[in-house]
Structures are given as C-alpha cells and as structure tokens.
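Comments concern the structure below.
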Amino acid sequence: MVTHTKPIYRRIVLKMSGEALQGAEGFGIDTTILNRMVTEVKELVKIGIQIGIVMGGGNLFRGAELVKSGMNRIVGDHIGMLATIMNGLAMRSALNHAYVHSHLMSAIPLNGVCDHYNWMKAINLLSNNWVVIFAAGTGNPLFTTDSAACLRGIEIKADVVLKATKVDGVFSTDPIQHPDATLYEQLSYQDVLERELKVMDLTAFTLAREHNLPIRIFNINKLGALKRIIMGYKEGTLITK
C-alpha cells in the first residue's frame with residue numbers, strides 16, 4: 001500500500017449528497033453523521049487542507065418523484081436548490097459549533113441568510129483556512145449538484161473532487177443486487193464511458209474529463225476514510241485521465 005507522510009492533496013471539493021446526510025433515516029439530517037463529518041473536516045483543516053463542500057439536497061426534497069406526478073421540472077429544481085441551502089446552513093452551524101471557520105455561499109441570492117457565490121472570494125477564504133460551503137447547485141435548473149461539484153472544483157482550482165456516497169466506490173454492477181460485483185480501484189475517464197459505469201451524470205463527468213479534474217468515489221460511512229484519501233491511502237475508486 002502506497003502511503004505518504006504528507007497530504008497528497010492541498011485543496012479539495014467534497015461532494016456531500018443529501019442521502020449521505022440522512023443516514024439510516026428516510027428523511028432529514030442525521031446529526032450523528034453531520035457531527036462526525038465535521039470532526040473529520042476539522043482534522044483536515046488543522047493540517048492545512050483547504051476544503052470546499054458542495055451540498056446535495058435529496059434528503060429533504062426529491063424533485064424527480066414530483067415531476068412524475070406533474071410538477072414543472074424547473075419548479076422542482078428550484079425547490080431542490082433551496083433544500084441544498086438548508087443542508088448548507090446545518091453544515092455551517094455544525095462547523096461553527098466545532099470552532100471551524102466556515103462560510104456558506106449560494107448560487108442564488110438569498111440576502112440575510114448567506115452570501116451570493118463569488119469564485120474569487122471563495123479562493124481567498126480557502127487560502128485563509130476557511131471551509132467554504134457551496135449551495136444551490138450551479139444556480140440553474142436542469143443541472144445536478146454533481147455538475148456543481150465539478151464546476152466549483154474547476155473554478156477554485158481544486159486538486160480533486162471527492163464524492164461521498166454510501167458505497168465503497170465504483171463497481172462493475174450494482175453491489176446491492178450483485179454481491180459478487182467487482183470494486184474498481186482506479187479507472188480512466190474513457191473506461192467509465194465505455195463501460196457505462198454510474199459515477200456521475202454525463203454533464204458533470206464530461207466537465208471533469210475536459211479539465212482533467214480527478215474524481216474519487218468513496219464511502220462516507222467508513223470512519224477515517226476522508227483522511228486516508230488525503231494521506232494517499234487506497235480508498236474507494238479514483239478516476240483520472
């Protein structure tokens with residue numbers, strides 16, 4: 001196993017899905033998971049890692065189901081953006097409670113609640129050891145929060161996008177339905193496309209590939225996994241050119 005005495009990444013984007021935040025519950029925020037993530041983030045901040053967090057919102061609102069029932073897709077996406085802001089507020093509060101400097105930025109204006117997103121300000125905050133939380137996706141409907149994670153990663157010049165999920169990485173097929181599925185340690189962008197592996201939506205993935213932005217998929221429920229990745233341990237699945 002290759003390890004390093006120093007971190008292999010300096011600036012990261014952590015994509016937190018809403019589903020990861022809800023834990024075993026079917027809805028809402030599991031404060032145990034939230035507080036554990038804050039502890040792990042705080043540990044990384046102490047060693048100088050610059051962290052941007054992109055929030056999902058699926059634990060609070062699943063627009064796809066309502067769209068099937070007749071809701072306008074644009075309206076559904078706007079509600080979803082608000083859900084990510086709610087998660088962002090919870091994350092900011094938890095980080096501040098742990099004495100971690102954090103700043104919440106939204107892609108849509110929400111005066112009095114959080115700042116409007118500004119990439120130059122985000123980079124300045126990161127450089128000064130603040131955790132920056134990005135909410136409201138890209139600010140546009142029809143784009144996922146995975147796309148937002150890749151976009152923000154490119155804008156802030158992140159070394160990698162770390163996608164926190166509830167599985168150990170990218171498998172050859174669904175590991176829940178097929179226990180014998182193969183876990184890939186490393187893939188190229190081309191491998192993912194040719195094998196039609198479910199990593200991110202195509203827009204997000206194409207954006208990362210065009211800008212040579214590495215993606216690592218890992219299990220957020222594995223204690224210490226985030227730091228192991230930062231320190232160069234093999235964890236989850238790494239996707240590069």
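All positions are counted from 1 along the displayed chain.
Glycine residues also receive a Cβ, built from the backbone N, Cα and C atoms like all the rest.
Per Swiss-Prot, the stretch carrying the note region 'Involved in allosteric activation by GTP' among 17-22, 23-28, 191-196 is 23-28.
According to Swiss-Prot, Asp77, Thr138, Gly139, Asn140, Pro141, Leu142, Phe143, Thr144, Thr145 bind UMP; the candidate from Gly57, Gly88, Gly153 that the record adds to this site is Gly57. A sphere of 10 angstroms centred on the C-beta of Asp174 (ATP binding site) encloses 11 other C-beta atoms. Thr165 (ATP binding site) sits 15 Å from Thr144 (UMP binding site), counting Cα to Cα. The two recorded residues, Asp174 (ATP binding site) and Thr144 (UMP binding site), show a Cα separation of 21 Å. Neighbour count (other Cβ atoms within 10 Å of the Cβ, all protein chains): 19 for Thr165 (ATP binding site). In the structure shown, the C-beta of Gly57 has more C-beta neighbours within 10 angstroms than that of any other entry among the binding-site residues Gly57, Gly58.
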